Amino acid sequence: MAMKQAATAAIRAFSSSVTSQSSPLVRHLHASAGSKKIVGVFYKANEYAAMNPNFVGCVEGSLGIREWLESQGHQYIVTDDKEGLNCELEKHIPDLHVLITTPFHPAYVTAERIKKAKNLQLLLTAGIGSDHVDLNAAAAAGLTVAEVTGSNVVSVAEDELMRILILVRNFLPGHHQVIKGEWNVAGIAHRAYDLEGKTIGTVGAGRIGKLLLQRLKPFNCNLLYHDRLKIDPELEKQIGAKFEEDMDAMLPKCDVLVINTPLTDKTRGLFNKERIAKCKKGVLIVNNARGAIMDTEAVVDACNSGHIGGYSGDVWNPQPAPKDHPWRYMPNQAMTPHISGTTIDAQLRYAAGVKDMLDRYFKGQNFPAQNYIVKEGELAPQYR
C-alpha cells in the first residue's frame, strides 16, 4: 500500500507543475487545432503485460494514455518495430506530429528520419536520456526534444548501489554455483570484499550521481566525484564527498568507478584503452549511463586481462544488444538488459510526465524548464 501511495503521489507531483507562456519555434511546437498523429515506441511485454495493471511502459500498456488521447480525437499508434526501412515506425515518419520513445527500447531518430518527418514537432522521451535523438539535427530543424527529468533518478541510483555490492561481494559466482549444484566457498571468497573503507568515485554528479553518493554515505566509504559543476557546498559536506577537478587524477584512486555522465559528443568513447589503463588494477566499474561512453573492445580486453576486476551495467551499444555482443561473454561481468530506470514506480512517474507534457502541448503551454533537451534551436547545457 505504501508503495502504491508513493507512486500515486509521484504522478500527482509531475502532473501539477506550474505552466508558463509559450514561445514560437521554427516548426511551431504548440499544436494547432485538429487531430494529431502520435507514435509511441516501447518494448513488448507479451505474457508479462497482464501480470501487473501498473505495467504501463510497454507496448501493451502504452503509458496508460490511449483512452485519454483518443477521446480528444488524436490518433495514437504504438509499436516496438523500429529498425530498418520496412519497420512499422518508418511507415509513420512522414506524417507523425509527436514521437514518444524510451531509453529502454530506443527509436533512433537520425538526421535522415528528421528530414523525412515533415509534420514532426515534438520528440518526447519517456524516461531520462535523449541521446537516441540526433540532437543537433533536431535543433537545426526547430524541433522540441523533452524528457521526464527526475522520473527514474531513484530507480537508477538504487540499481547502481545494488551493482556495486554485487561486484564487491563477488555475488554472481556464488549464485551460479547454486544453480549448477556446486558448493565451493573458496571460489567466491578469494575476491569478495567489504564495501566499507573502499574508495568509490562517480564520473558525473547530477541528479543520479548525487543520490548515489547520498545512498553510499552509511557504508563509510571514501567518496569522490568528478563533474563540470560542484555539488552545493552544504550537501557536499553532508555527504562527505570530495570534488576531483581532474578526472584522470581521480581514476587511480578508485576501487569502484561509477559512470553517471550523459552521452554527448565529448563523452562518446570517453573510456578508451588509454583511459581505462589509468584506473587502478582490478577496478570495479558500474555503468548505467550509456554503453557508448565505453570503448566496447577496450572493456572486453581489460576484463580479460584482469585490469577491470568486474563490470556491471544495463546499457549497451547498440540496444537491444545483439546475441554476439562481446560484453555478454567477457569474464566477471554482471550485465543485464536496460532495466534500471523502468521499475513499475518509474514507469508510473514517466507516464504521468509524458501525459503532462502532451497536455501542455495541446494547450499551447511551456513544459517544466528542466524537461527541455532542445528548445528553440538550443541544446540543454549538459548536451552542449
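Cβ coordinates come from backbone N, Cα and C, glycine included.
As recorded in TrEMBL:
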{"type": "DOMAIN", "residues": "69-366", "note": "domain 'D-isomer specific 2-hydroxyacid dehydrogenase catalytic'"}
{"type": "BINDING", "residues": "ILE128, ASN152", "note": "substrate binding site"}
{"type": "DOMAIN", "residues": "162-340", "note": "domain 'D-isomer specific 2-hydroxyacid dehydrogenase NAD-binding'"}
{"type": "BINDING", "residues": "ARG207, ILE208, ASP227, PRO262, LEU263, THR264, ASP265, LYS266, ASN288, ASP314, HIS338, ILE339, SER340, GLY341", "note": "NAD(+) binding site"}
{"type": "SITE", "residues": "ARG290", "note": "site 'Important for catalytic activity'"}
{"type": "SITE", "residues": "HIS338", "note": "site 'Important for catalytic activity'"}
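The predicted model assigns the domain 'D-isomer specific 2-hydroxyacid dehydrogenase catalytic' (69-366) a mean pLDDT of 97.
The Cβ of ASN152 (substrate binding site) has GLY127, ILE128, SER340, GLY341, THR342, THR343, ALA346, ARG349, TYR350 as same-chain neighbours under 8 Å, each 6 or more residues away in sequence. Each of the recorded positions ARG207, ARG290, HIS338 was scored by how many other Cβ atoms lie within 10 Å of its Cβ, and the smallest score goes to ARG207. When other Cβ atoms within 10 Å of the Cβ of ASP265 (NAD(+) binding site) are tallied across all protein chains shown, the result is 9.
Sequence-distant neighbours of ASP227 (NAD(+) binding site) (same chain, 6+ residues apart, CB-CB distance under 8 A): VAL203, GLY204, ALA205, GLY206, GLY209, PHE243, THR261. Closest by Cα distance to ARG290 (site 'Important for catalytic activity'), from the binding-site residues ARG207, LEU263, ASP265, HIS338, is LEU263. When the Cα positions of ARG207, ILE208, ASP227, PRO262, LEU263, THR264, ASP265, LYS266, ASN288, ASP314, HIS338, ILE339, SER340, GLY341 are compared pair by pair, the longest gap among these NAD(+)-binding residues is 25 Å. Sequence-distant contacts (6 or more apart, same chain, Cβ under 8 Å) of LEU263 (NAD(+) binding site) comprise GLY129, ASP131, ALA289, ARG290, ALA292, ILE293.
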